[in-house]
Amino acid sequence: MSLCVGDAGALLLGPWPLTADPQGPLLDQDEESSVLEGSWSPSSSSLSSFSPPASGDAPSELLSLSWQPSDVLLTEQSTAGDVFPGMDWMTEKLDLNDFDLDSLIGSCDSEDSPGSPEDLLACLDSSMDLDLDSLPFGSADLDLPLGLDLPLPEEIKSEPLSPAPSVPSPPEEAPQDEHTEVPVLHPAGIMLSLSPSHIVVLLTPKEEQNISDCSDSDSGISVSGSPAHQSDLEPSSRAKPYSRPDPEASPALKGRVKTSSGAPKVEKKLKKMEQNKTAATRYRQKKRVEQESLNSECSELEKKNRELSEKADSLSREIQYLRDLLEEMRTAKQRKSKR
């Protein structure tokens, strides 16, 4: 059985098409029954449906793939809360040791083979043309950074991911080492781990992917097909109790506070001015009354003084009159005595 290098490269380096839809199985009932009978391999069918038409005989070779019987394959049972019904073939461990990789590489050497692994990767990328219109899920922007110079895999192993709501941040550049994890960002949450010996496919449910997308705000990952999730992220129109005030509304508020606080000050000042004015008026009235009373007393005293002065004058005249009278009487008495 021969496998073209272009097909294997498309599976390794291209956007990974094996996404699980938690709303329903990827296979119909006829395909599931054929899987149970062991007469048809869904892996070969899915691989052939996603293989690029690179050369003329590549599709025929890929359609003629026959994997080992299902009784020889190592099947791992899913956990109790498996959300992928009908996807048991994804947990099967496929052994590729029986494939003659040298002959596969030699089958693609009919054309001018690239001289370096980078040229080979560029050739494989240029020949890939996937038809994603037939997929059950909506088209999403898939990005898989290419920075690995690894040999062809000898073993394909798929494991279900434990329910951990975390998505690794998108790597800047994948270093060239023996084991590198390359995350694939799409709604089904498939993460690939490439190594020289095997390929590990890790699947997460869509609900956990949405939760991880909510928690991982720094990575900038967003899910387009979740209206409920988008409605939760919409900002509430109700103002928060400790939110910062709007800068446009703050000047009006400040002016309002200023006028409301200035009005009592002006009223208090006016009230104080009126109090001072009334106090001054009362003081002037009091002083006027006191002055008038003093003037009246002075006038009365002056009147009494005039009366007393007049009495004194009259008394002084009477006294003078009496003196004169006494003098005349003495003189008259002396005249009589002399006679």
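Keep in mind that glycine also has a Cβ here, set from the backbone N, Cα and C atoms.
Going by Swiss-Prot, these are the annotated features:
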- 35-55: compositional bias 'Low complexity' (COMPBIAS)
- 162-173: compositional bias 'Pro residues' (COMPBIAS)
- 211-226: compositional bias 'Low complexity' (COMPBIAS)
- 231-247: compositional bias 'Basic and acidic residues' (COMPBIAS)
- 300-313: compositional bias 'Basic and acidic residues' (COMPBIAS)
- 266-329: domain 'bZIP' (DOMAIN)
- 14-62: region 'Disordered' (REGION)
- 153-182: region 'Disordered' (REGION)
- 209-313: region 'Disordered' (REGION)
- 268-288: region 'Basic motif' (REGION)
- 294-322: region 'Leucine-zipper' (REGION)
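Model confidence over the domain 'bZIP' (266-329) stands at 94, taken as the mean pLDDT rounded to a whole number.
For the region 'Leucine-zipper' (294-322), residue counts in helix, strand and coil come to 29 helix, 0 strand, 0 coil, using DSSP.
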